[in-house]
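Here is what Swiss-Prot says about this protein:
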DOMAIN    2-207  domain 'ThyX'
BINDING   SER56, ARG80, HIS81, ARG82, GLN88, ASN162, LEU163, ARG164, HIS168  FAD binding site
BINDING   GLN77, LEU78, VAL79, ARG80, GLN88, GLN89, SER90, GLN91, ARG92, ARG146, ARG173  dUMP binding site
MOTIF     80-90  motif 'ThyX motif'
ACT_SITE  ARG173  active site, involved in ionization of N3 of dUMP, leading to its activation
Amino acid sequence: MVRVTLVNYTKRPLETITWAALISYWGEWSTESFERISENDVEKHLPRILGYGHESILEHATFTFSIEGCSRVCTHQLVRHRIASYTQQSQRYIVLDEENVEETFVIPESIKKDRELYEKWKKVMAETISLYKESINRGVHQEDARFILPQAVKTKIIVTMNLRELKHFFGLRLCERAQWEIREVAWKMLEEMAKRDDIRPIIKWAKLGPRCIQFGYCPERDLMPPGCLKKTRKKWEKVAESKS
């Protein structure tokens, strides 16, 4: 199972965003005024300013996540979100040494449901690991031996995004039509944010959710799964209101 952890983020993120927003409106704004920004100031100004559509201020808060145990299929989708920073576990320098197929690869549930097919997958993956290790033992450097590894191999990656890019990411990847693995990662990222009292309010204020939450309707209405809107809104509201 993939593990997602919010490891770091901008100190006093909502106060930082509010302080940045007020530079345009507040005649008494100064560098020193940051220390005077209170929770009341945040609640008074931030929802209103975001309601005007002034979302560039969200870029002043950044969030760093650690993601462990997803496949390279997932990270190939993740890094398409270019306004972000990524550092991924290297297959060039780190040798894959797990013997357990389940610990080494992500196998979709659709494969596991077919017992015969599942056993064939595990057999091929075990042979892949064996040949990979044999290649290294025969003097092939891991940067070449890795060519045999499939996209299903588990990996680790650190992701840093600003809040505006996170909103864009969530809009696409929390959707029921997103690929299942990156959708799971996206929901866990949002859940990690919801655990923090100093972050949770922004989830609703900035509508950090799938596009049906952001727009108020599904932009892919003709392709929408039955009952999707109601199910997604209920799930999102539960996360947005959850506490650590």
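Using N, Cα and C of the backbone, Cβ positions are placed for all residues, glycine too.
This view paints the features noted in Swiss-Prot onto the structure.
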| residue | record | DSSP (3 states) |
| --- | --- | --- |
| SER56 | FAD binding site | helix |
| GLN77 | dUMP binding site | helix |
| GLN88 | FAD binding site | strand |
| LEU163 | FAD binding site | helix |
| HIS168 | FAD binding site | helix |
| ARG173 | dUMP binding site | helix |
Whole-Å Cα distance, ARG92 (dUMP binding site) to HIS81 (FAD binding site), is 24
Run through the Cβ atoms and count how many others sit within 10 Å of the one on VAL79 (dUMP binding site). 13
Looking at the binding-site residues SER56, GLN88, LEU163, which has the shortest Cα distance to GLN77 (dUMP binding site)? GLN88
Under 8 Å by Cβ from HIS81 (FAD binding site), same chain, sequence gap 6 or more: MET161, GLU165, HIS168, PHE169
Residues GLN77, LEU78, VAL79, ARG80, GLN88, GLN89, SER90, GLN91, ARG92, ARG146, ARG173 [recorded dUMP binders]: greatest CA to CA distance in Å: 29
For each of GLN77, GLN88, count the other CB atoms within 10 A of its CB; which of these binding-site residues has the top count? GLN77
By Cα geometry, the one of the binding-site residues (SER56, GLN88, LEU163) nearest ARG173 (dUMP binding site) is LEU163
Are there any residues in the same chain, six or more apart in sequence, whose C-beta is under 8 angstroms from the C-beta of SER90 (dUMP binding site), and if so which? none
Using only the residues recorded as binding FAD (SER56, ARG80, HIS81, ARG82, GLN88, ASN162, LEU163, ARG164, HIS168), report the maximum Cα-Cα distance in Å, whole number please. 28
List the Cα distance (Å, whole number) between VAL79 (dUMP binding site) and SER56 (FAD binding site). 21
Counting other CB atoms within 10 A of each CB, which of the binding-site residues ARG92, HIS168, ARG173 comes out lowest? ARG92
Hey, what's the Cβ neighbour count for SER56 (FAD binding site) at 10 Å? 10
